[in-house]
């Protein structure tokens, strides 16, 4: 008798709650008709805008956003560096105070950059390109592209760049990482706006465009930005993503240069490092020999640089004191290293022989100067303009050749030491400037040997050292990163195409030397950090093509039969932690029929009974995998006689993680990235 009454009371309470909710909704959302019309208008606008495809809009937003952030960072860095130089000049001639103002300023900024960024995310240190290369190969790195890390990396990178030529670090690598984070976030926004499921292929397309935007918005070079990002980041590139990279990079580069016009820095859109090189007769044909020599020198120096840099990274990790500082007190390690670098670059000391008062941009502009310094230096007071940047390289007690040589010797180990700092920093711009200094020195020496040009008869055609600086910058940076597109990058960044052919020649020669002997700078970072990335097969010997999967595949594979039940599944899950398990026809007939995921097997155990369970705890009747689990077909199988090179290219092209090996349909083993990497290191690239 009481149950209906209780039910009636419960029904009345539910009706009151529904009325209360309706009243609340009406009180907070008035004008339902107007809201419906507004929503309808917005849906119509969205359909009209996305008629041409939503990719165009998100790529445009990505390019404009990253260009705006890049330009804003440059303005902040310029003003903070101006404040540092003003403080250094206003102190006067007191040596101790000048030293403190020169060293404490970058030390404080670098310590703040390290502490602030590392306290928010451990992924903020370094350039970020090694990790991004790993992600583009299909490996998942947790939280590496989270938008929460964006602000930490922007603030940390700004502080790093403000240190100027003291630390001598750039922003290309970290800015590619920032672009990737922005692209990942925009990809999630697109799934929300378009009301579609998250698509991994769409995410990959946005990341491919982001890496081009990162380079283009730093140099204002969209074409070489796309090509350089492809060479450095992607061993295999889908042509369908080509237009995305070009469109986003063009939007970013155009916006980056347009903001410079709006800020009254330039009258029109021009190159970032605008040069005044003459193009009527840029170089003599016989000078090609000296450009070849320049390429050889850049290749040899790049090999030494890569070897020493990788050795330094390993040595820092193995040294107990340094490893302890990097593990517990990263800002302390940063302060000590920056103190050493700042002391070396102190202008009244050794810095006066290294043009240490110039910013990194001024370093590059001065090295691309269209004058022969060897001819101007003896008459510097009469010929040169007051305050010319090239005069920073001229010292009364040393020649131009001496200061350039001293700069190269000192910056060699300083650049290597700076790469160990645990703060957001890029390493491409420093090696770009270093290569320009190598080219400038070679050009000045050639101009000294042939003051009237290589032809003494006919019209006067003097040597142009700035052309050698262009070729040196492209050759050294290209050989360190194993890229050829740096030849086009230097032409886009300076707006000069007269030396494109000798520059390409020098880049090719330098790359031929470096790629034969050393991994690239970013591949070396992957090796040192032990990221799950497949190393390149460097060996071109015919024996490396004879290595087959049968020699190194995993033979003990945990497999399940279609008729297996609870006990067999439980043993398989306890034996292996694989994400998926191969399913064979039966124990007597190991024909591979498909795979089943670990999550499905766990669900299978949760919904079925254990053979030894008490009667009261039984969940269901005994079942088998073939009856109760979804067996996915195997789309790709390897043969034991598949070569290492074939497997390597398929793993890279399809971003595979694990492939099963069958002989006449029977499962005989499996190959994962771990086995493939071990085979490449031991068989294809023997030490």
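Backbone N, Cα and C define each Cβ position, glycine as well.
The annotation domain 'CBS' is assigned in TrEMBL to 553-612.
TrEMBL lists 56-78 (among others) with the feature transmembrane segment. Non-local neighbours of the transmembrane segment (56-78) in the same chain are 49-50, 154, 157-158, 161-162, 171, 175, 178-179, 182-183, 186-187, 189-190, 206, 209-210, 213-214, 216-218, 244, 247-256, 259-260, 263; each lies 6+ residues outside the stretch with a CB under 8 Å from one of its CB atoms.
Under the heading transmembrane segment, TrEMBL lists 207-230 (among others).
Taken from TrEMBL, the feature transmembrane segment covers 242-262 (among others).
The annotation transmembrane segment is assigned in TrEMBL to 283-312 (among others).
Non-local neighbours of the transmembrane segment (332-351) in the same chain are 95, 98-99, 102-103, 106-107, 110-111, 113-114, 163, 165-168, 322, 325-326, 357, 410, 414, 417-418, 420-423; each lies 6+ residues outside the stretch with a CB under 8 Å from one of its CB atoms. TrEMBL lists 332-351 (among others) with the feature transmembrane segment.
The transmembrane segment annotation in TrEMBL covers 398-419 (among others). Long-range contacts of the transmembrane segment (398-419) within the same chain: residues 167-169, 301, 304-305, 308-309, 312-313, 337, 340-341, 344, 350, 353-355, 373-374, 377, 425, 427, 430-431, 434, 437-438, 440-441, 444-445, 448, each at least 6 residues beyond the stretch ends and with a Cβ under 8 Å from a Cβ of the stretch.
Nonlocal intrachain contacts for the transmembrane segment (431-454), taken as residues 6+ away from its ends with a CB within less than 8 angstroms of a stretch CB, comprise 168, 170, 284, 286-287, 290, 293-294, 297-298, 301, 305, 360, 363-364, 367-368, 372-375, 400-401, 404-405, 407-408, 411-412, 415, 460-477, 480-481, 486, 521. Annotation source TrEMBL lists transmembrane segment at 431-454 (among others).
Sequence annotations record features per position, and here TrEMBL assigns transmembrane segment to 466-490 (among others). With a cut-off of 8 Å between Cβ atoms, the residues of this chain six or more beyond the transmembrane segment (466-490) that come close are 215, 219, 221, 223-225, 227-228, 230-232, 275, 277, 282-283, 290-291, 294-295, 298-299, 301-302, 305-306, 364, 367-371, 428, 431-440, 442-443, 446, 496, 498-500, 502-504, 506-511, 513-515, 520-523.
Summarising the annotation, TrEMBL assigns transmembrane segment to 496-513 (among others).
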Rounded mean pLDDT for the residues that make up the domain 'CBS' (553-612):
82
